[in-house]
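J.: Would you mind keeping the following structure in view while I ask a few things?
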Amino acid sequence: MLNKPVLAESLIVFVIVLFVHAVVWDRYSWCAVALAIQAFYVQFKWDRLLQLGGAVFQFRTAANSGLLPASMVIPLLGIAMKERCKSAGIVYFERFGIVVASTGMLVALFLSVIAVGITKPVPTNTCILTGVAGSIIIYTMKHSLTVSEVIEVLEVLLIFVYLSMILLYLLPRCFTPGEALLVLGGISFVLSQLIKRSLNVIEGRGDPIDFFLLVAVVGVVLLGLFFTVLFIFMDSGTWISSMFFHMMTAVLGLGVIMPWLYRLIQRNPLFWLLQFLFQTQTRVYLLVYWTFLAASACGVVFYQNAKRSSESKKHQASTITRKYFHFIVVATYVPGLIYDRQLLYVAAVLCLAVFIFLEYIRYFRIKPFGQTLRHLLSLFLDERDSGPLILTHIYLLLGMSLPVWLFPRSCAPKGTLSGAGALVPYSGVLAVGVGDTIASVFGSTMGEIKWPGTKKTFEGTVTAIFAQIIAVALILIFDSSVNLNSSYAWILASVSLVSLLEAYTTQIDNLLLPLYLQIMFMA
């Protein structure tokens, strides 16, 4: 029997795909529609494999495979970016958008082929659909990409294959297939871009903050892989191992990552970063304000843990308590978006690196803080943290930051896009900071009418839509760079569709919702 919430989620994704391609219809639209149809069918094969335990790796069990919603994110982002940059006359980034879309389609198709290949008996109809979709995509790529672009797409696919085999083996139950597609596909693309730019360094070309993001992401991932392999052969919880961890972190940071960044930006990375952070008085005020908010977040963690100690060792943080952090993140990002987006961009990269590094310390039980972090963060675990890693806070940061990092600055000469595109950097704030938070709080406290097959409520979803519309009105008041040009109906439709997706998806909503809202705004 078909799962009704999965069908509803799939229907919402199909509507978003059709909405986007109603505005942007070209040869890639046929590829996207074909990919969506075959992903819909293959998704049920993945779900069956997960239920029967027939998947090659151990995936997160409290959710469906999520293949369809995840498969469409990267292709739609690439297509929307291509159209925005084409209208701005920026050929380089128009071609880059085509490469992004082609890469997303090929990686999603590969994951579908894996599911079809390990399903017994072989699903004939699904095989035919996958073959037809693959033929359409490969035919379009053949007539759209240059030889160098084809090599770039295949390079990302190769990295994705090897990265998936390594990380899905080392990190069981941390991802669903869809989440693995998004996270590992994104890391693979970042690594490919870093290799490409490192081999083609031209002095004065490229924005240092873009290089900073690429090096930081690849650096922390390689650091994690190195220590994971190392601690297979030694106990990570001893003082000797902990000292070795800190020493090797310093060696790899100062001996590999810093010289790599120096080669790309052609200046001392530390001096550049300090100069960048304290360049203006506004940045100093923002940094002081963000430090206060970070201290407040730490205070919430310590207070809740003290409350657990005094009440019961089984005490877990409530939904409303966990949403405190959403409010703090909104208070962090909104001033940055209004006053200094470049500073917010760099600060978010630094925060991501710190979060991942602290997770390494917790996971490997590195002294002196590893065990303490395990105790403090265990209070905020939910069903999505079923693997060895705690990723929900990192997903929250990514969901807020990805619209800022992926904003096509080069295709927006005045620093902002026109119409609904002006709200692209605010996608994380609206979808996660406002919509998801309000839906959870009001749904859990006052909601009575549940959406069929889910725990989410009708009242929570409707309240989330109204809250996001009010937030858009406040953005118009306080951010003078935002000019919507009468695109209010599109904004309402975008917010409503993404709120409905939040009600039905079992994937990590902190990661998925901002990306879909960004796609709708960019289209």
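Positions of Cβ are set from backbone N, Cα and C atoms, glycine also.
Copied straight from TrEMBL:
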TRANSMEM  12-41  transmembrane segment
TRANSMEM  61-80  transmembrane segment
TRANSMEM  92-116  transmembrane segment
TRANSMEM  153-171  transmembrane segment
TRANSMEM  211-232  transmembrane segment
TRANSMEM  244-262  transmembrane segment
TRANSMEM  282-303  transmembrane segment
TRANSMEM  324-339  transmembrane segment
TRANSMEM  345-365  transmembrane segment
TRANSMEM  426-446  transmembrane segment
TRANSMEM  458-478  transmembrane segment
TRANSMEM  490-517  transmembrane segment
J.: Tell me if the transmembrane segment (324-339) touches the transmembrane segment (282-303). I count contact as 3 or more CB pairs below 8 A, with pairs 6 or more residues apart.
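T.: Yes, the transmembrane segment (282-303) and the transmembrane segment (324-339) are in contact.
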J.: Using a Cβ cut-off under 8 Å, which residues of the same chain at least 6 positions beyond either end of the transmembrane segment (211-232) come close to it?
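T.: Same-chain residues near the transmembrane segment (211-232) but 6 or more away: 166, 170, 187, 190-191, 193-194, 197, 241, 245, 248-249, 252-253, 256-257, 260-261, 264-265, 269, 273, 345-346, 349-350, 352-353, 356-357, 360, 364, 405.
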J.: Is it the case that the transmembrane segment (426-446) and the transmembrane segment (92-116) touch, counting contact as three or more CB pairs under 8 Å in which the residues of each pair are 6 or more positions apart?
T.: no
J.: Please identify the stretch among 12-41, 244-262, 324-339, 345-365, 458-478 with the greatest number of Cβ pairs below 8 Å relative to the transmembrane segment (490-517).
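T.: So the stretch in question is 458-478.
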